[in-house]
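Chemist: Following this message is one structure expressed as structure tokens.
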Amino acid sequence: MGRKILDKLSLAQADKPAAASPARRMGSAMSVGGLRDGLERITSNSVRDLDPSLIDQDGLRDRLQFDAEDIADLAASIRAHGQQVPILVRPSDQPGRFRVIYGRRRLAAIRQIGGPVKAIVRTLDDKAAVLAQGQENNLRLDPSFIEKAVFIGAMRDAGYDGTVIREALGVSKQSVSSYVVVLDAIPLPVIEAIGAAHDTGRRKWTELADLARVEGVDLPALLGRMTGTLQAAESSAARFEAFLNAAKAVASGNAALQQADAAAQHDPVHRGGPRPLRLADGRRIATVKRSASGLEVKVLQKEAPEFSTWLATNLDELIQELHGRWLEESGSND
């Protein structure tokens with residue numbers, strides 16, 4: 001067929017006048033330019049077989065983790081039916097290498113199977129790449145609320161403005177704000193420990209964020225006490241519920257403690273017995289008892305043995321420091 005096209009072109013050239021007008025020459029040049037641009041577009045969007053070892057991880061974080069079982073299932077499907085959807089990559093700064101834009105799960109599955117990965121190679125700048133990554137994920141992966149929040153945080157940290165963030169996820173300015181409120185209140189280690197929690201939406205995550213932001217619950221400290229519980233949970237959604245319930249319990253305990261402390265402040269002798277002293281996470285570390293004869297502070301050896309030892313070693317210095325602070329604040333030094 002290519003030969004016939006060339007023959008027709010040759011015949012057409014033979015029928016042309018010896019000298020073409022400037023306008024015709026311009027039209028011919030534009031046609032050739034359009035053909036070249038079209039070929040470049042076809043080449044840039046054509047599917048190629050690439051060696052996975054030549055593809056580097058790239059782009060902003062948009063998934064909390066890849067589930068090993070999920071990747072194994074995807075690998076089995078690709079092994080049985082082939083790779084139906086290509087990944088998208090862009091040329092790397094290193095010659096002959098590429099950087100993945102989207103398709104990380106497919107790439108991980110192909111690496112398990114072995115052999116080449118089908119990929120579309122496109123030359124994109126960072127902004128275009130992050131837009132493609134976000135839009136593809138929204139269409140194909142249905143990321144959870146908290147995964148979108150993490151992706152927004154990554155884009156924000158990378159310096160992208162609100163317009164790019166909204167375009168990448170296809171969300172409104174108000175929606176972005178709701179993600180940011182949660183992300184700013186809940187530390188990333190807590191989010192990573194819980195996971196994607198696909199069945200948990202904005203309302204629940206906002207409730208947890210408010211427990212930290214409004215009620216003063218120390219989420220990192222709570223995470224430290226719940227590591228075993230979270231690891232034993234059957235799913236990410238179960239981990240979230242366990243953590244949320246624990247945070248609620250801490251918040252309720254904090255409220256009760258504040259009421260008790262407020263009552264104790266109005267009783268200079270505190271005749272109701274020792275008053276507990278607690279850390280920010282709610283743990284009782286000592287008791288204080290004030291009577292007509294003096295003030296007694298008792299550090300609980302069982303709760304904080306190392307702190308108790310340290311305190312005994314440094315008590316003289318601490319008393320001097322606290323006494324000096326009292327003199328300064330009370331004006332008794334004047």
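Glycine is treated like the rest: Cβ placed from N, Cα and C.
Quick paste from TrEMBL:
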| type | residues | note |
| --- | --- | --- |
| DOMAIN | 48-138 | domain 'ParB-like N-terminal' |
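Give me the lay of the land around each of these features.
Modeler: Restricting the average to the domain 'ParB-like N-terminal' (48-138) gives a pLDDT of 84.
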Chemist: Please list, for the domain 'ParB-like N-terminal' (48-138), how many residues fall into helix, strand and coil according to DSSP.
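Modeler: So the domain 'ParB-like N-terminal' (48-138) is made up of 40 helix, 20 strand, 31 coil.
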